[in-house]
């Protein structure tokens with residue numbers, strides 16, 4: 001700009017000189033004009049340095065020249081006179097140049113004063129711009145936009161404005177300092193130093209002027225950048241509010257409140273639009289501020305537009321906050337209500353009063369939030385400038401009410417969690433009692449240990465939940481309390497309640513573990529008792545020593561099989577109990593899963609008990625069957641003893657009058673009576689065995705079957721006792737008969753009589769019987785199971801035995817079955833003495849009744865040898881005996 005003015009001034013002078021000379025030599029013209037001035041020739045000495053300052057203060061010099069031209073002497077008379085003397089104009093110009101080059105002290109000091117006056121205003125302008133930038137930047141701190149895009153740029157613009165303001169102030173100070181120095185030189189006669197100082201003052205003033213412009217542009221840029229930051233912050237706030245609203249509305253059931261999400265979305269959209277405008281205007285302001293020729297007004301215009309957009313964004317963002325608060329409050333209200341309804345199911349109304357109060361407060365605050373959001377919506381719709389604070393006020397009310405609603409809802413959660421924890425603790429304690437009842441007196445079980453730990457944990461967690469609920473209530477009561485703080489305590493309470501629930505589940509799982517452990521023990525006990533029953537059955541059958549007793553053997557096999565089943569089920573129960581324990585150790589295992597495992601153990605134990613009962617009943621039946629067989633055996637032995645006694649009396653025929661006959665007869669009667677009782681007991685044993693079998697078939701209890709078996713055992717025992725009495729009486733009978741016969745020999749009484757067999761001989765013969773029977777028994781024992789399968793064959797043998805018994809009854813009672821002749825009956829009658837006619841018949845009948853023909857043959861031959869009869873008869877009988885023996889062996 002200065003160069004343009006200098007050039008213009010030079011061209012003006014040149015034109016005037018050319019015009020004045022009318023084509024004359026410029027050098028002559030100038031020389032003529034300067035003859036009386038003592039000036040050098042322009043051709044030789046005139047140059048730009050004669051008219052223009054070397055420093056950059058030509059603008060001020062031009063202004064001085066203008067004043068000279070307007071007020072100078074050369075323009076007094078003919079300034080505008082085209083016909084005037086142009087040479088005089090040239091002289092004026094030259095004088096002006098000289099005056100400018102050589103100003104007076106007063107003129108120089110006047111310039112200093114002017115510079116000082118101008119810089120004083122610049123300092124105030126700099127401070128104002130600085131304050132404006134600082135005030136604008138304060139908004140960033142107020143709204144808390146740390147981390148928001150553009151915040152750094154705004155802070156940088158503010159700092160730049162401050163820096164430039166300080167720079168301008170420094171330049172103003174420089175002007176003042178230089179001016180003071182210039183004024184100090186006014187007393188000196190030489191003005192060269194004063195001229196230099198004045199020139200420095202003017203230069204400094206010019207720099208201060210430039211600094212003022214830059215400072216004001218920086219301040220306006222700061223406003224624009226801060227507006228952008230505020231708009232971006234509003235955008236962020238709106239997005240957060242929108243997200244909160246979207247998250248909350250998912251859990252809201254109120255349709256009216258659901259519609260509010262549309263308002264939140266619209267507000268967020270508006271914020272986005274306005275923040276974009278503010279960002280664009282801030283960018284434009286920054287570009288203008290960077291230009292050297294950029295003006296303050298243009299930057300200010302962009303800053304105003306950015307602030308306007310920011311205001312609109314902030315209003316929309318506050319509306320979004322208010323609507324989001326309304327929705328969150330509704331969510332809190334509904335959540336509190338649900339918790340209240342749920343807790344009322346497990347606890348009475350009196351104990352959930354705190355929960356109800358908190359839920360009611362949440363509902364009330366939700367209504368407040370809704371009202372405030374409505375007012376914020378109405379205020380924002382006015383679209384009036386400067387109404388942000390009004391919208392913000394209503395939004396704050398909505399947010400505050402929503403915060404109170406959320407605090408109340410969180411308090412509801414905390415109180416409900418506390419009640420749930422207390423309830424879970426009660427269940428845990430009940431589970432402990434149940435476990436202790438199950439394990440009863442079994443100390444040190446895993447289940448007892450775990451349930452004790454679970455109850456202890458539950459008690460501890462309940463205390464935590466109660467404390468957290470108390471803290472939540474205290475925080476909720478605080479006016480400045482945050483819902484987040486209440487939520488933290490509510491979460492602590494809920495976690496404690498959850499831990500209590502887990503402890504309860506552990507307690508319930510411990511109950512199932514206790515069931516499994518007890519089931520395992522019971523199964524093993526059942527197995528052991530089934531084993532005892534099996535052994536009892538085996539021992540009972542062994543006593544039979546090979547007797548044909550299919551029913552007893554079958555019962556024994558049944559006991560053995562059931563004992564094996566009980567053993568298998570005991571193993572199953574043990575395995576299931578182990579799996580139950582493993583499942584209990586897993587944290588993620590459910591109570592139901594543990595129940596399933598425990599139930600397997602319980603079922604196995606039940607099956608083991610059933611198998612044990614079946615084994616016991618089978619064993620008792622085997623015992624009853626064995627007792628029946630023992631009783632039968634005792635009855636047969638008693639019958640043989642009775643028969644022996646009866647046969648021994650044959651030796652008294654013809655000796656009735658001798659001493660000792662009555663004693664022999666009395667002993668025979670004892671044997672007969674003992675046999676009769678043995679027979680009765682045998683029938684009782686058989687009846688008891690039959691009852692035991694029927695009881696087992698109809699699935700009677702072990703006690704019932706055992707009762708029948710015991711009855712059979714007692715009957716067998718009594719039958720055996722009567723057998724012994726019969727044998728003793730038979731032996732006594734034989735001894736008495738032998739005494740009578742000895743007496744008869746001494747008295748020379750000769751009759752055909754039987755010679756009774758002594759006990760020793762009878763015993764030896766019986767031992768032979770037993771030996772042979774043992775051989776048969778060994779074969780039968782090897783084929784026990786075959787005997788069971790051939791039960792029908794055993795029944796046929798029983799029928800044969802029955803036929804033998806019927807023959808015995810015929811002999812005892814004298815009854816003759818159909819098909820027998822009268823003569824045969826008479827030959828079998830007791831008391832008929834042996835003679836030539838019936839001796840062979842007697843021998844033949846005896847051969848048919850016994851198993852060992854040789855033994856009976858030998859006995860009869862011994863008897864015949866003692867008979868006092870013809871030797872020829874004896875020989876004939878011997879031959880007959882041999883023939884019969886051979887015949888029987890051939891059968």
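Backbone N, Cα and C atoms are what each Cβ position is placed from, and that goes for glycine too.
Positions annotated as coiled coil by TrEMBL: 148-258. Over the coiled coil (148-258), the average per-residue pLDDT in this prediction is 65.
Listed as Cβ neighbours of the compositional bias 'Basic and acidic residues' (287-311) (distance under 8 Å, sequence separation of 6 or more from its ends, same chain) are residues 213, 216-218, 220-221, 223-224, 227-228, 230-231, 234, 274-275, 277-278, 281, 385-386, 388. Look at TrEMBL and you will find 287-311 (among others) tagged as compositional bias 'Basic and acidic residues'.
What TrEMBL lists as compositional bias 'Low complexity' is 358-375. For the compositional bias 'Low complexity' (358-375), the residues of the chain that approach it from at least six positions outside its boundaries are 257, 260, 322-323, 325-326, 328-330, 332-333, 335-337, 339-340, 394-395, 397-399, 401-402, 404-406, 408-409, 411-412, 415, 476, judged by C-beta separation under 8 angstroms.
Per TrEMBL, the feature compositional bias 'Basic and acidic residues' maps to 376-395 (among others).
If you look up TrEMBL, you'll see 461-481 (among others) marked as compositional bias 'Basic and acidic residues'. Counted with DSSP, the compositional bias 'Basic and acidic residues' (461-481) comes out as 17 helix, 0 strand, 4 coil.
Within the same chain, residues 446, 450, 506, 509-510, 512-513, 516-517, 519-520, 522-524, 526-527, 529-531, 597-598, 600-602, 604-605, 607-609, 611-612, 614-615 sit at least 6 positions outside the compositional bias 'Basic and acidic residues' (564-589) and bring their C-beta atoms closer than 8 Å to a C-beta of that stretch. According to TrEMBL, the compositional bias 'Basic and acidic residues' annotation covers 564-589 (among others).
The annotation compositional bias 'Basic and acidic residues' is assigned in TrEMBL to 662-686 (among others).
The annotation compositional bias 'Acidic residues' is assigned in TrEMBL to 766-779 (among others).
Among the features that TrEMBL reports, compositional bias 'Basic and acidic residues' is placed at 780-793 (among others).
Look at TrEMBL and you will find 794-811 (among others) tagged as compositional bias 'Acidic residues'.
Marked as compositional bias 'Basic and acidic residues' by TrEMBL: 812-829 (among others).
For 264-311 (among others), the entry in TrEMBL reads region 'Disordered'.
Annotation source TrEMBL lists region 'Disordered' at 356-395 (among others).
The annotation region 'Disordered' is assigned in TrEMBL to 458-487 (among others). Residues of the same chain lying 6 or more positions beyond the ends of the region 'Disordered' (458-487) and with a Cβ under 8 Å from any Cβ of it are 354, 358, 403-404, 406-408, 410-411, 414-415, 417-418, 420-422, 424-425, 428-429, 493, 496-497, 499-500, 503-504, 507.
The annotation region 'Disordered' is assigned in TrEMBL to 564-590 (among others).
Among the features that TrEMBL reports, region 'Disordered' is placed at 661-700 (among others). Within its own chain, the region 'Disordered' (661-700) is flanked in space by residues 551, 617-618, 620-621, 624-625, 627-628, 630-632, 634-635, 637-639, 641-642, 644-646, 648-649, 652, 655, 708-709, 711-712, 715-716, 718-720, 722-723, 725-727, 729-730, 732-733, 736-737, 739-740, which lie at least six positions past its ends and keep a Cβ under 8 Å from the stretch.
Across the region 'Disordered' (661-700), DSSP classifies residues as 37 helix, 0 strand, 3 coil.
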